[in-house]
Amino acid sequence: MLDISVKAPAKINLTLDVLHRREDGYHDLEMVMTTVDLADRIDLTETSSGISLESTSGFVPHDDRNLAYRAAALIKKRFGIQKGVHIHIHKHIPVAAGLAGGSSDAAAVLKGLNRMWDLGLSVEELAALGLELGSDVPFCVTGGTAIARGRGEILTPLPSPPPCWVILAKPPHGVSTAEVFGALRLEDIRKRPDLDAMVEALRNQDFDGICRNLSNVLEEVTIPAYPQVRRLKERMIRFGGEGVLMSGSGPTVFGLVRRENTAKRVVNGLRGFCRQVYAVRMMGGLEANT
Ligand SMILES: C[C@@](CO)(OP(=O)(O)O)[C@H](O)COP(=O)(O)OP(=O)(O)OC[C@H]1O[C@@H](n2ccc(N)nc2=O)[C@H](O)[C@@H]1O
Ligand SMILES: Nc1ncnc2c1ncn2[C@@H]1O[C@H](COP(=O)(O)OP(=O)(O)O)[C@@H](O)[C@H]1O
């Protein structure tokens, strides 16, 4: 019997700045994140005990290395739940892509089990649990659009970008977030995002202002290591991407486009050059939390 189905949307980073390296090995970040309508679907079925997991993807682990599995284990342990759960992940978000697919799956399991087992946890409590699983999980619990600071858990909600198309292009290789942070030399960062300008553009629903202020310091590590990311960016711009940036630690490149015709042109221009290309809508604030 299927008990609960939860949508797990991908995120993109409109800005990403790394402020300092912390004692605990993580970095203090300052970034603007938003959810897009490319989502995994997580089906949760209650069982008598234990945790089992299957997915439609050959690229994710199906055991306790899976973030969705870990989310269920955390809830069971923290609240002393004897019942079990079977997790079925319908994977649509590319893996190790800078789109927080694993974090979003984990957030969806936290939200789904909160309902299934009547735990009564608030969004803030779920986000705090999520931080034990990964830095991006708190944002994935709340969704919408927000400034994320600290490791990624200090969230300030923002208006979502105006409706537009988001073209996502994922090169064939994945990128390790830990390796990208490890290779970043803070003193060498050449260009930092203008957070105030991005916030202003979002408040004014100024599409051109959002496009002008897209900026991610991690490009300075990932692009030299993977020149295909630069070529994808150049192609996206050439075919009509109005604002183009790498998401997170990469390697996915996204392009923002207002008109459907332009979106089609960008997608057609990238096909043949890149196998994984998606045209999706910006998610907006309201749908993000369902
Ligand atoms: C870079 C970002 C931007 O949204 O996204 P992705 O590229 O992963 O999608 C995130 O900060 C990634 O968050 P997440 O993928 O949850 O990271 P975690 O599992 O917590 O950490 C993976 C590794 O990244 C580094 N890390 C992560 C977050 C942070 N604030 N400082 C760090 O230094 C650490 O080396 C850590 O061991
Ligand atoms: N449910 C999951 N979905 C995707 N990746 C997962 C999942 N659980 C664990 N992982 C692992 O987490 C790593 C990062 O995956 P992902 O969250 O897709 O990328 P990113 O952090 O770049 O956004 C991958 O190496 C993958 O094997």
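Cβ atoms here come from the backbone N, Cα and C positions, even for glycine.
Feature annotations, courtesy of TrEMBL:
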type: ACT_SITE; residues: Lys11; note: active site
type: ACT_SITE; residues: Asp136; note: active site
type: BINDING; residues: Pro94, Val95, Ala96, Ala97, Gly98, Leu99, Ala100, Gly101, Gly102, Ser103, Ser104; note: ATP binding site
type: DOMAIN; residues: 66-144; note: domain 'GHMP kinase N-terminal'
type: DOMAIN; residues: 198-274; note: domain 'GHMP kinase C-terminal'
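Using the Cβ center of Pro94, Val95, Ala96, Ala97, Gly98, Leu99, Ala100, Gly101, Gly102, Ser103, Ser104 for ATP, the list of other same-chain residues with Cβ within 8 Å runs, in sequence order, Ala10, Ile93.
A mean pLDDT of 98 is what the model gives for the domain 'GHMP kinase N-terminal' (66-144).
A separation of roughly 6 Å, to the nearest angstrom, links the Cα atoms of Ala100 (ATP binding site) and Lys11 (active site).
For Lys11 (active site), the same-chain residues that are 6 or more apart in sequence and have a Cβ closer than 8 Å to its Cβ are Met33, Thr34, Thr35, Val36, Leu99, Ala100, Ser104, Asp136, Phe139, Cys140, Ser247, Gly248. Checking the recorded positions Lys11, Pro94, Ala96, Gly98, Gly102, Ser104 against ligand 2 with a 6 Å cutoff on the Cβ atom leaves Ala96, Gly98, Gly102, in sequence order. When the neighbouring Cβ atoms lying within 10 Å are counted for each of the binding-site residues (Ala96, Ala100), the highest count belongs to Ala100. The helix, strand and coil residue counts that DSSP assigns across the domain 'GHMP kinase N-terminal' (66-144) are 44 helix, 7 strand, 28 coil.
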